[in-house]
Amino acid sequence: MTATGAPIVTKEIVSLTGLGIGAQFVGFSFVTMESEKYICVRETSPQNSLMIVDLSVPKQPLRRPIAADSALMNPLGKVLALRGNHSSILAFSLTFFSFFIFLLIAQEQLQVFNLDTKAKLKAYQMNEQVYRLWKWITPKIIGLVTQDAVYHWSIEGPPEPVKMFERAANLNGHQIINYRCDPTEKWLVLIGIAPGPPERPQLVKGNMQIYSVDQKRSQSLEAHAAAFGSFKLAANDAASVIISFASKSYSGAQVVSKLHVIELGAQTGKVGFGKKQAELFFPPEFADDFPIAIQMSQKYGVIYVLSKMGLLFVYDLETAVAVYRNRISVDPFFISADAPSNGGFYAVNKRGQVLMGTINETTIISFISDQLKNMDLAVSLAKRANLAGAEKLVVQRFHELVSQTKYREAADLAAESPQGVLRTPETIAKLQLITVPPGQTSPLLQYFGTLLTKGRLNAFESLELSRLVVSQSKKHLLENWLAEDKLECTEDLGNLIRGVDAEMALKVYIKARATAKVIAGFAERREFDKILIYSKQVNYTPDYLFLLQSVLAIDPQAAVNFALILSKMDGGCPVDYNIIIELFLQRNMIRETTAFLLDVLKENLPEHGLLQTKVLEINLLTFPNVAEAIMANGVFSHYDRSRIAQLCEKSGLFMRALQAHLHYTELTDIKRVIINTHTMDVQALVEFFGTLSKDWALDCMKELLLIDMRQNLQIVVQVAKEYAEQLGVEHCIDLFEQFRCYEGIFFFLGAQLAKSEDANVHFKYIEAAAKIGQLKEVERATRESKFYDAERARNFLMEIQLPDARPLINVCDRFGFIPELTHYLYSKNMLRYIEGYVQKVNPGNAPLVVGQLLEEDCQEDFIKNLVFSIRSLVPVEPLVAECQKRNRLRLLTPFLENLVSEGSKDVAVHNALAKIAVDTSNNPEHFLTTNPYYDSQVVGKYCENRDPTLAVIAYHRGQCDDDLIHVTNRNSLFKVQARYVVERMDPELWAKLLNPDNFYRRQFIDQVVSTALPDTRSPDQVSAAVKAFMLADLPHELIELLEKIVLQNSAFSDNPNLQNLLILTAIKAEKSRVMDYVNRLDNFDGPAVGEIAVGAELYEEAFTVFKKFSLHTQAVNVLLENLQSIGRGVDFANRVEEADVWRQVAKAQLKIGAVAEAIDSFTRAKDTTHFSEVIKAAEEVKAYDDLVKYLLMVRKSIKEPKVDSELIYAYAMSDQLSDIEDFLLQSHVANLPSVGERLYEDGAYQAARIIFTQTSNWGRLATTLIKLKLFQDAVDASRKADNSRVWKEVCFACVDAEEFRLAQICGLHVIVQVDDLEEVSDYYQKHERWKELIALMESGLGLERAHMGIFTELGVLYAKYLPDKLMEHLKLFSARVNIPKLIRACSEQQHWKELTFLYIQYDEFDNAAATMIAHSPEAWDHTQFKDIAVKMAKIELYYRAITFYLEEHPDLLNDLLLVLSSRVDHTQVVNLLRKAGHLPMIKPYLVSVQSHNLSAVNEALNALYVEEEEFDKLRESIEMYDTFDQISLAQQIEKHELLEFRRIAAFIYNKAGRWRQSVELSKKDELYKDAMETCSESGDGMLTEELLTFFVEQGRRDCFAACLYICYDLVRADVALELAWMHKMLDYVVPYMIQFIREYTNKVDELMKDKYDSLQELRSKSSEDKDMLSKQNLYAQLLPLALPGPTAPGMYEIPYGMSPPPPPPSTSFAGMPPMSF
């Protein structure tokens, strides 16, 4: 997009139209971009959809069908905001948001959803419409701009938006285009644009409102765009808040364009940023252009200003100096966003291109210094952004400052030099040489001070500064700097600090990764564990055995810890465990050995079985309590169980012996041990039972009960509890029942009760508790348990006859056995429990108890007393039911009367009394009428079969409608029924009785009409009845009813509602009676009745009604509209002479086309308000002469633009052009533009010409002149119009008329407009005028406003029609053409060479290479292909290119591969060439890439070396690169005819660890030295002895002696001596034996010395030590030969796990019995 070397880089990221977005949707209303991350595009056709473009992967947009009015993506997170004015937006599928958090606005409702958690985070309903602008101003806040104010809505703050400020007056009538806030959220700016002033409307004006949150006030300024930023001045600690805004205004006939940079909220007492401004220079062809966006780059400290027409201005932020200006887009911009990641910006133009622009770091400084000649700006920008290109300037400036003795400035410059160009030893040396007067800070210290404040020192600077500090003994400064990471640590720095502080030096060594110095430092500090940790961190492998021995000699306890650390290393312990144990035991560290083994063996691995056995044997024979503790942990499972079990039993550890029961093959063995329960831990014994099989466990439990049931019962019960599920609850119960041990059952099942739902378990528990006298448990279990068999429990409890009946009461009460319980207690004479049950347990069951007592013929006094004892607690209703079933209801009379006397209002009580009154005929009518508490429905139902009249009384009192209707219907009481319904006035009741399905409807209606309604005097009752008849659709019955009421002089005869109803009912059902009713009645609603009559098509009746009530307008409407009698209407109008009547007549006449008559009627009505209808009607019939007369009349009374406009049009259509000219000279309010357009569309071009000339509408005048074939005049008019559309229309007309000279004049004005260029080109080509088109385009190249589209379109035309000129055009204007478009054109026209050139210019190197390959005869060039090959992005193209060269240019293949060597997969290349059979061809390439040590490359080269017999290169390859199939190569060449290849095979076997094969090959070829070296490397003594045997058998004495020397460590002395003696080579073995004897003599001397020292120490011990030694003889049998004797007395007397005292020295080896196996 930009030329090479330009200071600003711009490129197209993606094309929205290329993603399938329609061009009509690329605009401000459809596209939003809140940041550099996402773009949202809305589309409304062919269907509503939303596309989200992730700019990190722009080719993978996400499109979903969503209807919304606006969409925003959050600047940082995956949060989507939608705005819509219809609820359908809420219904879209949530699948779209499966990866997003979104914010939803529907019907101005704000909602926030987190779709990762699928939870609504926030919601709010906006009362004020958000339609001006909305925008994410921070990642958490949305700015909402309304008509009057600005709100902030935080997705994490308060639920409702917060009003920030009122909009200023200067933004009224403006389109709000942006709203921003500064990073501190203390400053806000709102920006809007509006049409320009009248004298220059095409220049858009801009205004902004700045608001201070702290000060709560605004300031209004002129500006089109603004942005916030920050800048830190060197003298200030904090950065200043900056606002930059650009404006372009028209003032005093001049256009002023300015960029302002101002500090907001200046810091008190600090240096101010000041105000800066610069001119925005717009070229003449951009006179009406204006700034549309500003973006501030904090990375580079520059300001980007974008204009509407695609201009880019770049200014320095600090100085406001112009840096760069260029047009980067031929299409207008409409939206942009900041790009902080690269210090640039993004912008979208109307073509849909998403452009990214930023500073070109490689050229910007040179551009400023060379082109702008602004050295200070170049240096400042280079320092600020750390850019290259100003090195010479900086160095020059440094020397100038030094020469001027400005040392502080020089030091600051050196410290802040871009890319550290001055941070060199030379600069430090130069500063060291500078001497300053006493009292002043040296430049070197100033330099270092500046560096320390800015960042981190490099290695050399750190060393020099540290020297100064050390020389001044200021160690604390070094500590601070190291803590703040200001110094770069090196080994030299550590060496310098070591003399001052060893600990600080160690930290430096660690940071500098000086491994040797770090390990030495840890060793000095005896921090051996840190040595291991550090070695692992830096991947360093020390000699661990040496380190362990060293630690052991210094600190044994630390050695144990060190050994533990070694055991936990990744990959296993580097030192064999047996060696570690031997080292510990040699120093009599038995406790430490045990602790170490416990830690090592905690993973319980099978391979550690011997070590587990050893540690247990040692402790079982010496300290059984320790062994007990070890085994108690249960971490060992691979020891020798048989051996350990025997030792445990002998030691009295019966529990541990049982735990090894797997080696007891007989149950009798287990029983023998298990009976010793008095010595075992109960819990452990219980756990042991869990390891037994079910049968063995039950047998052991049975054995324990047989031996001693009292002692072992608790254990057996606990085992049964613990393993009830495995053993089976039933089996356990059976076991206890065998011994009739109900206590065992009781305690066992007590634990199972809570978790068992087995009915038998619960019953057995109850049974056992009852049999052992646990009555409380029986009572509790029967009360709480839910699972026992209730009937079985009831029967058991009745059989066992417990003295306490409460358990039986619990069962019967819970499971409903109340009659059985009552019978049992009554039969057992346990009346006290009956009373207790009813009074205290469950009074609610008293009715059942009373019922059963009645069945048992219990005395009534007892029952009455029982009932009276609970009184209000007894449920009356079931009690009454029980007594009523047995006809004993009167029994309850005293009880019920007592309740009433106490004030009871219980319905059941009063129901019972009512029933008693009915049964006893004790004045029931009075009771039913006066008692307010009984249930009418219940009592009425009770009375139906006894006395229906009583039932009616009860139902009437309770308004039991259905029941009353039922009883009256059944008993033919219709008069009572009618009176009841009329009194009730219930619509639902009326509807039910008037329903046709009611069999008794006729009888009911007769009673209502004849009796009920005539007797009533209540209007409400009449109204309810009439309404019911209406709703029931009974018009005839209703008419009959109403005539009786209204027409027969009743109390309701003058009721207007009833009169209305009578007429309306007649309209509906008896239309013949309507006229009679209208004439007879006078008190009805005339207007309403008249309208209803019209609706019922009773037009004469309606006319009569309207006339009767003097409603003349409605009456004439009936005549005109309904009866359609205009004649009667005119007569009626003449009779009444009302204006409204004449107006209605005129409308009717107008409707039928009688325009003249209508105009006359409008005149008599004096009506001028319906001129629109008259105009329309006159135009339909072309009655323009009549229309002129009418409009002249109308114009006298009103001044209306439409009247004057239509008058002009009527003049024109009646060909009265002179009248038009006269009219235009008069005062008028006609809409001339509209009239002119209308005349033009109707073909009245002469009249239109007059209008357009009068209005100076030169554009339409030009098109009108075209219609009149006046082309020259049209061109002159176009020149005055100066409008692209007009120029285009005239141009096309001239082309059609073959006026090519005039067409070219017009075309030059059109093609400078990007949007119209393509249309002009298509028009010319459509008419096959491509020569004239090319001439037009070539003329357009020299225009001042020539743009990219002209150059591009000319290139396309050359590609189509003049291909010979294409390449020259591309080379001349490659930077000014639209390359993608030309690429498509060249591809379509098959210009491959030009296509390749375009791909290269557009950085489409993949396509360029593919084109060269596909069309190599025309497009391929080797040098060019190599240049683009390294720039290709697609991997498959590399291999496609290799195949292409292999097929067409094999001689250049290696050259290509060397270029691609850093990009291709060498393995794939080898496979590709091997498959093609041309692997030798790329040998130079293979040699060049072998350094990567790849298997495929190594094997290919090795195969070539073998094939070409280059053994020296093969050996070199094998030694340097070991990644290949070594065995396969060795097998391939071990039988090679050349000795060197066989030797290489032996060498390979040696490297692969196949020592024997290597030795055999060397022996065959008599390469004995190689064989000896192989044996030495193998470490295999057997192989070495076989080689020695081979040498003596072959008589090679020299080789025998040499092998003894080379393989000294692997040869056993007896074998060497035996071979030499048997083959008479003793002289050759003597040197070996001398060395061997010397080595072993030294070892014996050391042992003897150790033995002597040990004896001396042993003699100094007390007699107590000797006694302890004698006790440990048994332990000595288990020790290896090198193991020392037992420890001192009391060593293990301390609790296991505590630190013991230091161990004594080891004892003598003498006298120890050998270890037996």
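Using the three backbone atoms N, Cα and C, a Cβ is placed for every residue, glycine included.
The shown structure was predicted, so the numbers you read here are calculated from the model rather than taken from an experiment.
Pulled from TrEMBL, these are the features on record:
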DOMAIN    361-384  domain 'Clathrin heavy chain linker core motif'
REPEAT    568-717  repeat 'CHCR'
REPEAT    720-862  repeat 'CHCR'
REPEAT    867-1006  repeat 'CHCR'
REPEAT    1013-1158  repeat 'CHCR'
REPEAT    1162-1303  repeat 'CHCR'
REPEAT    1308-1454  repeat 'CHCR'
REPEAT    1457-1600  repeat 'CHCR'
TRANSMEM  88-106  transmembrane segment
Positions whose Cβ lies under 8 angstroms from the domain 'Clathrin heavy chain linker core motif' (361-384), at least six residues beyond its ends: 5-8, 300-302, 316, 318-319, 321, 323-324, 390, 393-394, 397, 416-418
The repeat 'CHCR' (568-717) - residue tally per DSSP class, helix then strand then coil: 112 helix, 0 strand, 38 coil
Number of helical, extended and coil residues in the repeat 'CHCR' (1162-1303), per DSSP: 108 helix, 0 strand, 34 coil
Residues of the repeat 'CHCR' (867-1006) by DSSP state, where helix covers H, G and I: 105 helix, 0 strand, 35 coil
Residue distribution over DSSP helix, strand and coil in the repeat 'CHCR' (1457-1600): 113 helix, 0 strand, 31 coil
Helix, strand and coil totals (DSSP H, G, I; E, B; other) for the repeat 'CHCR' (1013-1158): 111 helix, 0 strand, 35 coil
The repeat 'CHCR' (867-1006) [mean pLDDT, rounded to integer]: 82
The repeat 'CHCR' (720-862), counted residue by residue under DSSP: helix, strand, coil: 109 helix, 0 strand, 34 coil
Helix, strand and coil totals (DSSP H, G, I; E, B; other) for the repeat 'CHCR' (1308-1454): 114 helix, 0 strand, 33 coil
